[in-house]
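Here is the structure we will look at, set down as structure tokens.
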Amino acid sequence: MAGEQLQVLNALDVAKTQWYHFTAIIIAGMGFFTDAYDLFCISLVTKLLGRIYYHVDGMEKPGSLPPNVSAAVNGVAFCGTLAGQLFFGWLGDKLGRKKVYGMTLMLMVICSVASGLSFGHTPKSVMATLCFFRFWLGFGIGGDYPLSATIMSEYANKKTRGAFIAAVFAMQGFGILAGGIFAIILSSSFNAMFEAPSYEVDALRSTVPQADYVWRIILMVGALPAALTYYWRMKMPETARYTALVAKNAKRAASDMSKVLQMDIEAEPQKIEQVKEQKSGFGLFTKEFAKRHGLHLLGTTSTWFLLDIAFYSQNLFQKDIFSAIGWIPSAKSMNAIDEVYRIARAQTLIALCSTVPGYWFTVAFIDKMGRFAIQLMGFFFMTVFMFALAIPYDHWTHKDNRIGFVIMYSLTFFFANFGPNATTFVVPAEIFPARLRSTCHGISAASGKLGAIVGAFGFLYLAQNQDKAKADAGYPAGIGVKNSLIVLGVINALGFLFTFLVPESKGKSLEEMSGENEDNEPQGEAEPPSSSGRRTAPVA
């Protein structure tokens, strides 16, 4: 291409915001809506599972999941997600984004339904089948991360690309919110139909037999949004950047994007021949990749890893924090379904007040402030608020100060989402070459899920009371909620430091950021790429 972009890629870069941008956001975003619903709805029903399957007659407290079962139920989907991100990220670069996109969605639909149908005659067999199906559900969800981000980045124009990718990710907020709202409606309905006393009044009758339907319905409903978008995913054409730069079929790319952009795009036969003659370029495990993008990959993986330790340990176990400060009444003072209602109400309130607004603040400001500034700001305030919660923790546990605690806790969520939770998703989709974009995003996302696993498994134990007698049944003594919050504050501070490895991609074309324009110049004419990857480029 002699250093020039194909017209089809330039047309995408400078295209005005059109209807196809919004349909792409909705189609890709509904996958993320489903992802968030499926990943976080389990935290609404873990207490219920404990009451149904691990009730012990004569115990003062309701039944609860044993530590190993609770860790497996909460964390197994993350293990599947990590594997799916690596596998489908690699497959998206090998087979194309579109071919793999439908596979991930069908896997999510089938496994959501199967999770709710988990069967067996003993608690062990029900939990084992639930974990099995949630692993494969996570595997499908994992594929959605690199594919959705890559498709949206390759469809978008360079002026508003950050907002479009962030908008896809922001659908997660609505997924978490939808999970909470649906659980509130369902538990209210079941409570009205099947009245039951609290556990302390009548332990056996406090969990009605119909409660077994509640958790199953909540898990199965996650299949609906994914199923509804399958047809539209299959109608989307392959991205022009994959078709032209990876599949080397610039003519097809021009034809596909002419329909999408509703304008004539020249096929450019001379450049097509040059595209076909070009070598594939350097691979992932080469010195050239390490030289150009090694630090970038270290930056995207480390920041996502650190962010997800903090984010998922907070999100999955916020019900425990609410209980610790008395925002949710003691378990024995409620019946089983009422407990689901109280947990769902608390999580919905947090999602409504901080999680959802945080995502959309990022959408609004990412192309004005830039990715780097938002990520730095988010990690900074997450660190500040985490220490502000942790150091005077005893102060926050007093009844008069509980509202203040919830406000501070909400602000850490707000700045996670108006910060690194969104930007760590956006940046890896912009800064790597097209032939490795999906793979590198998958590696970055998988690093994040490794952090989520550390958060989900590790903090379940860490946050236990230091006095073993006061820890949850079956758990060893931990370091307590206060010390756990201090650890999370330190993790956020490390995220702030590692952000300096990540380049700013605001207003630049994908080919500028990845250096693909230079790759395509004849020998002798190419300007050597800078090691930082921060090329000067006119801002659109």
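Glycine is no exception: its Cβ is also placed from the backbone N, Cα and C atoms.
As recorded in TrEMBL, the features of this protein are as follows:
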type: COMPBIAS; residues: 513-524; note: compositional bias 'Acidic residues'
type: DOMAIN; residues: 24-507; note: domain 'Major facilitator superfamily (MFS) profile'
type: REGION; residues: 509-540; note: region 'Disordered'
type: TRANSMEM; residues: 20-49; note: transmembrane segment
type: TRANSMEM; residues: 69-88; note: transmembrane segment
type: TRANSMEM; residues: 100-119; note: transmembrane segment
type: TRANSMEM; residues: 125-143; note: transmembrane segment
type: TRANSMEM; residues: 164-193; note: transmembrane segment
type: TRANSMEM; residues: 213-232; note: transmembrane segment
type: TRANSMEM; residues: 349-366; note: transmembrane segment
type: TRANSMEM; residues: 372-391; note: transmembrane segment
type: TRANSMEM; residues: 403-422; note: transmembrane segment
type: TRANSMEM; residues: 442-463; note: transmembrane segment
type: TRANSMEM; residues: 484-503; note: transmembrane segment
- Query: Same-chain Cβ contacts of the transmembrane segment (164-193) under 8 Å, 6 or more residues past its ends?
  - Reply: 21, 24-25, 28-30, 32-38, 40-41, 44-45, 148-149, 152-153, 155-156, 208, 210-211, 213-214, 217-218, 221, 225, 315, 335, 337-338, 340-341, 343-345, 347-348, 351-352, 355-356, 358-360, 362-363, 366, 417, 421-423, 425-426, 429-430
- Within the domain 'Major facilitator superfamily (MFS) profile' (24-507) only, compute the mean pLDDT. 87
- Between the transmembrane segment (213-232) and the stretches 20-49, 69-88, 349-366, 442-463, 484-503, work out which stretch tops the count of Cβ pairs under 8 Å. 20-49
- Stretch winning on C-beta pairs under 8 A with the transmembrane segment (100-119) (pool: 20-49, 125-143, 442-463) is 125-143
- Stretch-level contact, the transmembrane segment (20-49) and the transmembrane segment (349-366), CB cutoff 8 A, at least 3 pairs: no
- Query: What stretch in 69-88, 372-391, 442-463, 484-503 has the biggest tally of Cβ pairs under 8 Å against the transmembrane segment (125-143)?
  - Reply: 69-88
- Note on the structure: Top stretch by Cβ pairs under 8 Å to the transmembrane segment (69-88) (candidates 349-366, 372-391, 442-463, 484-503) is 442-463
